[in-house]
Amino acid sequence: MMKFRFRRQGNDPQREKIKQDLFAFNKTVEHGFPNQPSSLAYDPKLRIMAIGTKSGAVKIYGAPGVEFTGLHKETATVTQMHFLPGQGQLLTLLDDNTLHLWGIFQKDGYSHLEETHSFLLPGRPGFDSANVPDDYRCGKALGPVESLQEHPQDPSKILIGYSRGLVVIWDQSTRHIDHLFLGNQQLESLAWERSGSILVSSHSDGSYMIWSVSDDSARTLQPTTSTVPYGPFPCKAINKILWRTCESGSHFIIFSGGMPRASYGDRHCVTVLQGQTLVTLDFTSRVIDFFTVYNTEPKDEYDNPSALVVLVEEELVVIDLQTPGWPTVPAPYLAPLHSSAITCSYHISNVPLKLWERILSAGKRQSPQLASMNWPINGGKNLAQEPTQRGLLLTGHEDGTVRFWDASGVSLRPLYKLGTANIFQTDCEHADSLNQASEEEWPPFHKVGCFDPYSDDPRLGIQKISLCKYTAKMVVAGTAGQVLVMELSDEKSEHQVSVATMDLLQDREGFTWKGHDQLSPKNGSLAFPPGFQPTMLVQCLPPAAVTAVTLHSEWNLVAFGTSHGFGLFDYHRRNPVLARCTLHPNDSLAMEGPLSRVKSLKKSLRQSFRRIRKSRVSGKKRTNPNSPNSKVQEANAQLAEQACPHDVEMTPVQRRIEPRSADDSLSGVVRCLYFADTFLRDATHHGPTMWAGTNSGSVFAYALEVPSQEKFSERAVEAVLGKEVQLMHRAPVVSIAVLDGRGSPLPEPYEVSRDLAKAPDMQGSHSVLISSEEQFKVFTLPKVSAKTKFKLTAHEGCRVRKVALVTFTSVAFEDYTENCLACLTNLGDIHVFAVPSLRPQVHYDCIRKEDISGIASCVFTKYGQGFYLISPSEFERFSLSARNITEPLCSLDFIRPHDTTCVSNDYKGSPKLSQANGTHVLPASEGNHSFVDGAGTPEHSQAALSPASIDSPNSTDTTLDSTADITVEEVKDFLSSSEEAEKNLRNIAEDDTRSPGILIK
């Protein structure tokens, strides 16, 4: 008797090494604007900026390419941030009463951000442990401390502002009050003038007061001037104010808020006042904070501010204060991706230099540079190599715009914006959001920023984009069935856009469209600026949202699909070629449109029961391959799954796919369209083909008769149905791709003719890779016989959401590449399969399965990277390739004093430190170490280190500025002497009867 010993298949070490050189998963960088920003900080010595968010993220920015990202373990709002100037350290305060110290460190020649220490502030910071009399412990006598700032010339003196209006200068060295200012309005913020001889205060009634600091008297009873800039009617509070001196003699006063309450109380404004010039910068979202870039060296006599940096909820705006008119400075990063809501994304790799330069030129002519200064936040060095290829990321938006982004490197840079709203007559005529106020209007509003949350018409929304990088032709399709064929022009032009309609219902009876109306194109010639200009408008009827689009510029064809069917259009001859209805008789929802879709519970239950009944008998049915059927039925049989008998126990790794009902709602939705030059009719003649896949698992393949380029104008394109197949389990078809005789994906149009890609193998037999939501399957062509498959639904509940053919290059050998299929599922994980064998290679967890919008927004690149939205305003970039990685590689040079860790060296990690003697600051080592931003940045924020600093939850301006270092011992002395200070304040206040703003117990 012969015995056979089968060796268990194990991992091939050589193959594992190749996989390590090909595949590696990394989340590399976050593009866009931080979601829900809550705080701002600036280091004038290192010229870097930090933004904190409500989710606990910390992001530091310098020159383009210089980025650092950190995330607190606690999901809490970052309420304050302060740089230790020039030291590469950042202090953060969260709303959960924790304090954190971050540091920038060098590793392998690059800088990175780490949290070094943190501790919890017990109780109300500065009160419960401070030596303060009981009647002052509540903070109601003087109110909470609203502002605490260091003297710009004398670091031993601190300016303390109390909520009820009292302002004092406290001398830390003598532990006495140097000066008392008796204000009688509720205080919001304070700011020093550079010399320290003047200070300015802002108040809740919309006023600001200028106070003179004199050595002649210890008390100042009245301000030098008091102004309500937007009075005389009641105004909102001025939340923050700055004073900046200029060599020209006209100083700057900059403040946020203060608008007339009744008329403009809902406006979000920052006012810039210089001499007789006043401009009200009007933003579309709430102002978080602002600072100025100005001279901070002690030898400089004047501030001479060069730029104003304003952080609002939805964008960051930089104003050039040196150029007349104070124009905005274009941002090389932090652009608000969501200036209008993102509706789709499209990535193009290896963009030709000529196309790149033409897009750049169109963008510059569209937005001419008005500012004379460069980007002022320019600290650090970008050490990353120049990108080896140019990458474009296109985003479609709700307002009908398509935005072009430079996605070649770490910084996602805006290049060009294409608008489509001007082609149509919308419900509300499109208005330029940057139109300025007339000279007579008061306040003199000046619209700034590009965030615009309002859309004129939701039908304008862009749903699908396709672009040919070799001919600069593009197709943009929208929510109301509009398909625009566009061409890049270097000059402005005036012409009429040709319009054609295509009825995808094909006179199908029994269907009535209940959705939105189509957009009406404008009549006559229209003026178009340089850039992509529309040449043809194809309107689908009914005007449902376009769900798929593809372009073949070599054949002058565009294909598009909706929930009703698909069409093929010859944009050279401007003739329709093909229209096919894909509706099932029960597709009633497809007629309601996305803006008015309602599904009845009764119908949903009926379909569920039908599905259950069909699943019970599906295992008993087998397809008879020998039955005399038509060619269509034969192709269906070859594509159909071999159902498993009921008595076979299914293993966990091969779960049986339950068939879907043929009358599922929206079964006619066209999910994908594809052009290919392949063998469809027979094995000896190849030619142009078009493929379409639907939500019900139907695949349509058409043979196309495309005339040669010399005869384009003479002969029309013809389409003949070559194959119509039905996946047995009716899973939606996500993607279709034809592979050549070597098993490689076919090149893009013009790639071979321009010697940019290897010619496809037309000698060996071709195959088609069909990806559905449940499995991948390779069929030979032209017979459409099953070759290999992989059932992804081996994992319970797993469904394919996004797929792409990706080329991976080895990190060890540049000339070794593999073509693979990358797949993102509804569980948020990514699978990579070899092509055409469909062998699984790697599997990574990428997106949380609960993040449905993130999964839906994912787009893969051709060379193993990807993007997905982590918030409405941010893309997460990731890489599946071990070689092709885009990540911040930068360095930041600074001089950090010896042992400046604000924690004893005995501590490791990030301990929760105990508190003693009422000192709620980081314990410092020997030497003077500032806790907050300094070196002449008194505007940056006004903090709270005093006993009454964080008493009130409504305290709005509780940050600290420092122009020199504050030691822990000095803070201890200040806190321990608080009782004496309070007594002195009370005695002085009692002696003066003209201070109604102070309540003495």
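Quick reminder: no glycine exception, Cβ is built from N, Cα and C everywhere.
Taken from TrEMBL, the feature repeat 'WD' covers 180-221 (among others).
Feature annotation from TrEMBL assigns domain 'Lethal giant larvae homologue 2' to 227-327.
Here the repeat 'WD' (392-406) has long-range neighbours at 31, 335, 337, 339-348, 351, 356, 359, 363, 412-421, 452, 455-458, 460-465, 467, 469, 476, 478, 532, 867, 875, meaning same-chain residues at least 6 beyond its ends whose C-beta is under 8 angstroms from one of its own. Per TrEMBL, repeat 'WD' is recorded for 392-406 (among others).
Taken from TrEMBL, the feature region 'Disordered' applies to 612-636 (among others).
For 624-636 (among others), the entry in TrEMBL reads compositional bias 'Polar residues'.
According to TrEMBL, the domain 'Lethal giant larvae (Lgl)-like C-terminal' annotation covers 680-884.
Taken from TrEMBL, the feature region 'Disordered' applies to 914-963 (among others).
Here TrEMBL flags 939-963 (among others) as compositional bias 'Polar residues'.
Marked as region 'Disordered' by TrEMBL: 975-1001 (among others).
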>> From the DSSP assignment alone, can you count helix, strand and coil residues within the repeat 'WD' (180-221)?
In response: 0 helix, 22 strand, 20 coil
> the repeat 'WD' (392-406): mean pLDDT?
Replying inline: 96
>> Is it possible to list how many residues within the repeat 'WD' (392-406) are helical, extended or coil according to DSSP?
In response: 0 helix, 12 strand, 3 coil
> So, by DSSP, how many helix, strand and coil residues make up the domain 'Lethal giant larvae homologue 2' (227-327)?
Replying inline: 4 helix, 49 strand, 48 coil
